[in-house]
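A.B. asks: Quick one: structure below, then a few questions.
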Ligand SMILES: O=c1ccn([C@@H]2O[C@H](COP(=O)(O)OP(=O)(O)O[C@H]3O[C@H](CO)[C@@H](O)[C@H](O)[C@H]3O)[C@@H](O)[C@H]2O)c(=O)[nH]1
Ligand SMILES: [Mn+2]
């Protein structure tokens, strides 16, 4: 019991080992400063070799050093949270609030309807009073197959929910459950298991069939006249709003097979017109916020992407422990980590970003709260809708609870539809300071920042049983495109009204400001990284040293910073649950993202600032074809297509290969290994590491025969450019 006589619903613990970390960080800082001193005091005189290369390195090292200082905000002050769910149910047994769950989908091909309804079923089956749960599916794809699948799901739920509750199954996405579980041992359950599995498989084949032929079974069409809304004039980008309440939680007859009420289930395809901006996911979420405020008005909103199912049926209670605690009045959102099902042990694309989830977010939590990163986030409706936090504010859970209108379903649908029309938002604050913000490819991060700037806090909660499991892209190009969207969006936040660098000053803590800047500056990292991965290597060709000789005392800070920082990073990665090979792959992806995605993000941002281009939202694919998946499972990098990003990566890799060949030649034929060792140790090591890290890329360029290799034309082109660049540099 706390000193003031109440049992808290959650607890916050500081991480151990802070002192050691801080000593380490200070020692690295000293090293970085010495490197700066060396660079600034040893610039070659005008006319001397390597002057410009040197000055560039000074710039790059200043950048890296300052950036490193910012990243300390992620590691200085880690906190971990835990919840006491039993106390929550004791205290609020009858008074639990309504929770509205928003699932977003946008494309029936990239996001198969079967996957979508598995996510929907997993959240319908939360271990939470069903009369207080409402699930909304926003379908930006306006797909009648998706609607049909949801219809099937609403029926299947009548069996699935009681089954889940009776046998306390986890996870509650049927697909994931049937894959993860062999036949149950318990004879009692075995029988029901067979029945429910068969039901699921039948539903699965009906949905997949409908998706394949693009048609809904006749008998369903006859029974459900709402399908007439998909008339011949209907197209995905041009249609009236469609709003269907499939299960009306107010209806006492909407029950499962055991007679218990089902959660409310709503389908929404907001109005689309070719000449209107739709603002991607942010627009979809805002339509849902309005529509749900009419239908269920839950004071808590959970947002998940259609590919991210609930893997833990107690997450709602976990989140409520923060919102409903006496100390939780200022909590606007509770972000759960995003974990993924389809990552292999060694994560060839390092797509799970485990260090962010295990280290950086607990770090931000220590400074006022993590970023809102889309899927897996519970919001306080008030805060999301633009309310400012003021001291003493409290959500009245009881009054907000169960506020449901009395109209008939049909009338309710008709009245609510207009909230999802194109013109509804005209001359309103939606998208500016109400709901999710527009005009940024990462609507989530900027929205979370705006909320925090209005005085709210957020919480990061990482339960031991993973709360949500999603899907990561299975090809390199998709990963790079996704990172381009993220880094571009984060970069734009820096120049937006809500810039963490200036606007947020005084509104959020300095640590959080720095923490945001780390992500906002992902993109411009490309410049220093490109420089570092090309220039030192290419100077080797002329034998011009750009780093201190091994016998010089200035060599020590370089060696210290490089070695210690990487050892630390290695252990951080292992402690976050990664493997040694995974760490090596992570280093490669670090390089690839910085030298391709981030560069393109910078270019596009500049074009956008000049008003020449606009940024879009490329939806990432959630399924891959058989060939591609097989290579993915074997941790073979998928190239396969020609893209400017791949050309760039291959060219840089080839330049380093040539430079490395030059060093080897010099060592063997020229003045011998000794000279290379003495004068160009660091430079040669850097070049050598770049070659090692690019080994899979050389393989894809020159050796592989499968479809995932680099296209030959691209290989020829990049090798030619690299060769030309090297020769030109040697001659000039
Ligand atoms: O016009 C659109 C485009 C996308 N989506 C949905 O947005 C979600 C995220 O799209 P996805 O292609 O999967 O992007 P990711 O990069 O995987 O998503 C991450 O990054 C996004 C911001 O860039 C956030 O919106 C997401 O929540 C976060 O998980 C999916 O459910 C989509 O169906 C829409 O509803 N409407
Ligand atoms: Mn996604």
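Counting starts with 1 at the first residue shown.
Even glycines carry a Cβ here, placed using N, Cα and C.
Annotations for this protein, taken from TrEMBL, read as follows:
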- 140: active site (ACT_SITE)
- 444: active site (ACT_SITE)
- 111, 140: UDP-alpha-D-glucose binding site (BINDING)
- 281, 305: Mn(2+) binding site (BINDING)
- 21-40: transmembrane segment (TRANSMEM)
- 52-70: transmembrane segment (TRANSMEM)
- 516-534: transmembrane segment (TRANSMEM)
- 554-575: transmembrane segment (TRANSMEM)
- 596-619: transmembrane segment (TRANSMEM)
- 639-664: transmembrane segment (TRANSMEM)
- 676-698: transmembrane segment (TRANSMEM)
- 710-731: transmembrane segment (TRANSMEM)
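Any idea what these are sitting next to in the structure?
C.D. replies: Less than 8 angstroms from the CB of residue 140 (active site) sit 104, 105, 106, 107, 269, 270, 272, 278, 280, 281, 284, each of them six or more residues away in the same chain.
Non-local contacts of residue 444 (active site) by the CB criterion (under 8 A, 6+ apart in sequence, same chain) comprise 371, 372, 373, 374, 377, 436.
Secondary structure at residue 140 (active site), as computed by DSSP, is coil.
When Cβ atoms from all protein chains are considered, those within 10 Å of residue 281 (Mn(2+) binding site) total 22, not counting its own.
Beyond the ends of the transmembrane segment (516-534), by six or more residues, the same chain brings 56-57, 59-60, 63-64, 67, 70-71, 73-74, 360, 371, 445, 449, 486-488, 490-491, 493-494, 500-501, 504, 508, 591, 594-595, 598-599, 601-602, 605, 652, 655-656, 686, 690 to within a C-beta distance below 8 angstroms of the stretch.
Panel annotation: around the transmembrane segment (639-664), residues 475-477, 480, 530, 533-534, 537-538, 540-541, 592, 595-597, 599-600, 628, 676, 680, 684, 687-688, 690-691, 694, 697-698, 700-701, 707-711, 713-715, 717-719, 721-723, 725-726 of the same chain, lying at least six beyond its termini, place a Cβ under 8 Å from a Cβ of the stretch.
Residues 532-533, 536-537, 539-540, 543, 545-551, 555, 558-559, 584, 587-588, 591, 636-637, 649-650, 653, 656-657, 659-660, 663, 666-667, 710 of the same chain lie 6 or more positions beyond the ends of the transmembrane segment (676-698) yet place their CB under 8 Å from a CB of it.
Residues 538, 541-542, 639-642, 646-647, 650-655, 657-659, 662, 697, 700-702, 704 of the same chain lie 6+ residues outside the transmembrane segment (710-731) yet bring a C-beta within less than 8 angstroms of a C-beta in it.
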A.B. asks: What is the Cβ neighbour count of residue 305 (Mn(2+) binding site) at a 10 Å cut-off, with all protein chains included?
C.D. replies: 24
A.B. asks: By a Cβ-Cβ criterion of under 8 Å, what residues six or more beyond either terminus of the transmembrane segment (21-40) are in contact with it?
C.D. replies: 54, 57-58, 61-62, 65, 68-69, 72, 75-76, 548, 554, 556-558, 560-561, 564-565, 568
A.B. asks: Restricting to the chain of residue 111 (UDP-alpha-D-glucose binding site) and a gap of 6 or more, list residues whose Cβ falls under 8 Å of its Cβ, or answer none.
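C.D. replies: Residues satisfying the criterion: 105, 141, 306, 307, 619, 622.
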A.B. asks: Select, from 111, 140, 281, 305, 444, each of the recorded positions with a Cβ positioned under 6 A from at least one atom of ligand 2; if none does, say none.
C.D. replies: 305
A.B. asks: Which residues of the same chain, at least 6 past either end of the transmembrane segment (596-619), have a Cβ under 8 Å from a Cβ in it?
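C.D. replies: Same-chain residues near the transmembrane segment (596-619) but 6 or more away: 106-107, 110-111, 280-281, 441, 480-485, 487-489, 491-492, 495, 522-527, 529-530, 644-646, 648-649.
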A.B. asks: Report, as numbers and ranges, which residues of the same chain sit near the transmembrane segment (52-70): CB under 8 Å and 6 or more residues beyond its ends.
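C.D. replies: Non-local partners: 28-29, 32-33, 35-36, 39-40, 42-44, 514-515, 517-518, 521, 525, 527-528, 531-532, 535-536, 539, 544, 546, 565.
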